[in-house]
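Listed in Swiss-Prot for this protein:
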- Cys97-Cys189: disulfide bond (DISULFID)
- Asn5: N-linked glycosylation site (CARBOHYD)
- 1-25: topological domain 'Extracellular' (TOPO_DOM)
- 47-54: topological domain 'Cytoplasmic' (TOPO_DOM)
- 76-99: topological domain 'Extracellular' (TOPO_DOM)
- 121-139: topological domain 'Cytoplasmic' (TOPO_DOM)
- 161-197: topological domain 'Extracellular' (TOPO_DOM)
- 218-237: topological domain 'Cytoplasmic' (TOPO_DOM)
- 259-271: topological domain 'Extracellular' (TOPO_DOM)
- 293-314: topological domain 'Cytoplasmic' (TOPO_DOM)
- 26-46: transmembrane segment (TRANSMEM)
- 55-75: transmembrane segment (TRANSMEM)
- 100-120: transmembrane segment (TRANSMEM)
- 140-160: transmembrane segment (TRANSMEM)
- 198-217: transmembrane segment (TRANSMEM)
- 238-258: transmembrane segment (TRANSMEM)
- 272-292: transmembrane segment (TRANSMEM)
Amino acid sequence: MGVKNHSTVTEFLLSGLTEQAELQLPLFCLFLGIYTVTVVGNLSMISIIRLNRQLHTPMYYFLSSLSFLDFCYSSVITPKMLSGFLCRDRSISYSGCMIQLFFFCVCVISECYMLAAMACDRYVAICSPLLYRVIMSPRVCSLLVAAVFSVGFTDAVIHGGCILRLSFCGSNIIKHYFCDIVPLIKLSCSSTYIDELLIFVIGGFNMVATSLTIIISYAFILTSILRIHSKKGRCKAFSTCSSHLTAVLMFYGSLMSMYLKPASSSSLTQEKVSSVFYTTVILMLNPLIYSLRNNEVRNALMKLLRRKISLSPG
């Protein structure tokens, strides 16, 4: 017999980023712009990598996978947030909230492991360049990406199952702009000890495991770079990692400030500011960081644009 959910709440109300009426339209325009840049940037990155044979390498395979993940991630959160800026009705059904929570967990956890996989790829490329194509074969890359999404899916099932067993019999106002674990736990009228423990244990394990992988990879990378005698060679080697390192620092910084603490100790403002960074801003910046600081991507983009112009009539 399945676990019975004693919830009497059939829908939730999202409070949004702010309740000030005069800010709704400016915020709608701002986040619509961010979402547009995110979608166009990530889909463009995927297209550039797919259409240019010179970019069919392990590094760009992971980058296109990250772009796909960021596109899905932003589409889970932003459309509902945008509708909340324009509509007076900010309600979301119980099932809709659980679905959004599930896919959010899949995306945010997968993002951590994708960044760790990309760090491993850079480690092999710089520390074992002669064996790079052998170690990071297409099969290995595909298995790594599949493992990334599998871990995200498994953890989302665990968190989602724990939230489903909670009772919601009081207020149905989620003081957030999307259905996140911490605000939902605060609404529950049943014991949330297990849920808070799982957030800390599983979330802590995911962040420690992935961040340690990244730190160890970059420790070996830095050691290898320092062994390069020429300054030009060191700069070239480090330039292949700088974009990824920037993305890692931004993502993990905002994520750790949100989840690696008891839910009761976080302020509403802090939660929303942290969430805006890792659910919207960073997803927009990722394709810009990787393209603007990568000569191969810039050259491939210019090549595609010149081809489009030459094929256009007139």
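Placement of Cβ uses the backbone N, Cα and C atoms for every residue, glycine included.
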Seg_contact(the transmembrane segment (140-160), the transmembrane segment (55-75)) with at least 3 CB pairs under 8 angstroms, min sep 6: yes
Counts of helix, strand and coil residues, the topological domain 'Cytoplasmic' (47-54), according to DSSP: 7 helix, 0 strand, 1 coil
Same-chain residue ranges lying at least 6 outside the transmembrane segment (272-292) that approach it to Cβ under 8 Å: 17, 31, 34-35, 37-38, 41-42, 44-45, 63, 66-67, 70, 73-74, 77-78, 104, 108, 176-178, 180, 243-244, 246-247, 250-251, 254-255, 257-258, 298, 301
Listed in sequence order, residues with CB under 8 A of Cys189 (disulfide bond) and six or more positions away: Ser167, Phe168, Cys169, Gly170
Integer mean pLDDT for the topological domain 'Cytoplasmic' (218-237): 84
Helix-strand-coil residue split for the topological domain 'Cytoplasmic' (218-237), DSSP-based: 16 helix, 0 strand, 4 coil
Sequence-remote partners of the topological domain 'Extracellular' (76-99) [C-beta within less than 8 Å, at least six residues beyond its ends]: 7, 9-17, 24-25, 27-28, 31-32, 34-35, 38, 107, 160, 163-164, 168, 174, 177-179, 184, 279-280
Cβ-Cβ distance under 8 Å to Cys97 (disulfide bond), same chain, at least six residues away: Glu11, Phe12, Ile174, Cys179, Leu184
